[in-house]
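Some features that Swiss-Prot has for this protein:
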- 34-54: transmembrane segment (TRANSMEM)
- 55-75: transmembrane segment (TRANSMEM)
- 95-115: transmembrane segment (TRANSMEM)
- 118-138: transmembrane segment (TRANSMEM)
- 155-175: transmembrane segment (TRANSMEM)
- 182-202: transmembrane segment (TRANSMEM)
- 228-250: transmembrane segment (TRANSMEM)
- 254-273: transmembrane segment (TRANSMEM)
- 287-307: transmembrane segment (TRANSMEM)
Amino acid sequence: MTLIDNHEAVGMEGVPRLSEASARDYFELLKPRVMSLVVFTAFAGLVLAPGQINPVIGFIAILCIAIGAGASGALNMWYDADIDAVMSRTAKRPIPAGKILPQEALAFGLTLSAFSVIILGLAVNWLAAGLLAFTIFFYVVIYTMWLKRSTPQNIVIGGAAGAFPPMIGWACVTGGVSVESIVLFLIIFLWTPAHFWALALFKMGDYGAVGVPMMPNVCGEATTKRQIVVYALLTALSGICPTLLGFASLGYGAFATALGLGFIWYSLAVLRMPEADKRMLPAKKLFAFSIAYLFAIFSALLVDYMIAHVWLDAGGII
C-alpha cells in the first residue's frame, strides 16, 4: 500500500487519546506564513475597494478571513499527514511530529471553518461569507483531496484558492465582485504556478518519494522551466493591469513593470539552469523573489491608493 493510499492510517492506531499539544502547536497548524500572505492581500482588497466600511467591521472581516485561511491549512495538514511525514520540508509539522492527533486537527479545522464563515456572514455580508466558504472548500476538497495527488496541473487549477482573498476583501466593502477585484484575483492566480514550480524543482526528491505528481516529476525539468517562463510573463502582464484599467497610477505601473521584468529575469535564469545542477540556486532565488514580488505588488497598490485618495485629497501635491 502506498503512502497516498494509506493517509488515513497516520496516528489512528490504538485507543483514542488526546494529545498534549500547546497553543503554539495549534498555531503552527494554521500555516501562519501562508496566512500572513492571505491576510495582507485580503486587506489590500478591502482598502482598494470603493466605498466605506466601519473600521470595527473591517477588522472583523480580516479576522474571519484569517481564521478561514488557518482552518484551510489545518484541514490540509490533516489530510496530508501521511506525505508530510516523509517530506523533509514538512516532517516537523504538528501532526507528523506527533504533537497533534489527526482527529484533533480535523475537528479544529472544521470548527474554525464554520465559525469564520458564519461570523463573516452575520457581521459583514453573505456574499463575502460565501466566497470564503467556497475558498475553503476549493482548497481542501478540490485541491488537497483531488488535484494535488492526481495531476501535474494541481497548482495551476488549485491556485485559485489562494487568489480569492483580495476578492473577498473587496466584497466585504462593496457587497459585489468587479473587474478590479477580478484583476487582483488574476495577479495571484497567474503568479502561483511559477512560484510553486520553482519550489518543486529543488524539492523533486520529496515529491517523488510520496508520489505527488508535480510538474517536474511528471513532465521533466525542461518542460517545467519553459512553463515557469510563460507564467512569469503572464504574471508581469497582470501586474500592470491595474494601471491599464485605470485604477492605479502611472507611477504604480512603472514600479510593477520593473518588478515584472525582475520576475521574468529570474525565470530566464531558471530556464538556463543546467539539468545537472543539483544545487538549483536559480530556482531557489526565483522562489524567494516571487514571494517578495507579490508582497511588493500589493504594497505598491496600497501606497498608490493612499497617495491618490488620502494625501492628495488632503491637499498634498505630487
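Along the chain as shown, residues are numbered 1 onward.
Each residue, glycine too, has its Cβ placed from N, Cα and C.
A Cβ distance under 8 Å defines the sequence-distant neighbours of the transmembrane segment (182-202), meaning residues of its chain 6+ beyond its ends; these are 41, 44-45, 48, 155-156, 159-160, 162-167, 170, 214-217, 221, 224-225, 227-228, 231-232, 234-235, 238-239, 241-242, 245, 263, 267, 270, 280, 283-284, 286-287, 290-291, 293-294, 297.
Listed stretches 95-115, 228-250, 254-273 were compared with the transmembrane segment (55-75); the greatest number of C-beta pairs under 8 angstroms is found for 95-115. Cβ atoms under 8 Å from those of the transmembrane segment (34-54) belong to residues 61-62, 65-66, 69-70, 73, 162, 165-170, 172-174, 180-181, 184, 188, 247, 291, 294-295, 298, 301-302, 305 of the same chain, restricted to positions at least 6 beyond its ends. Nonlocal intrachain contacts for the transmembrane segment (254-273), taken as residues 6+ away from its ends with a CB within less than 8 angstroms of a stretch CB, comprise 194, 198, 201, 225-226, 228-229, 231-233, 235-237, 239-240, 242-243, 248, 280, 282-283, 285-286, 289-290, 293, 296-297, 300.
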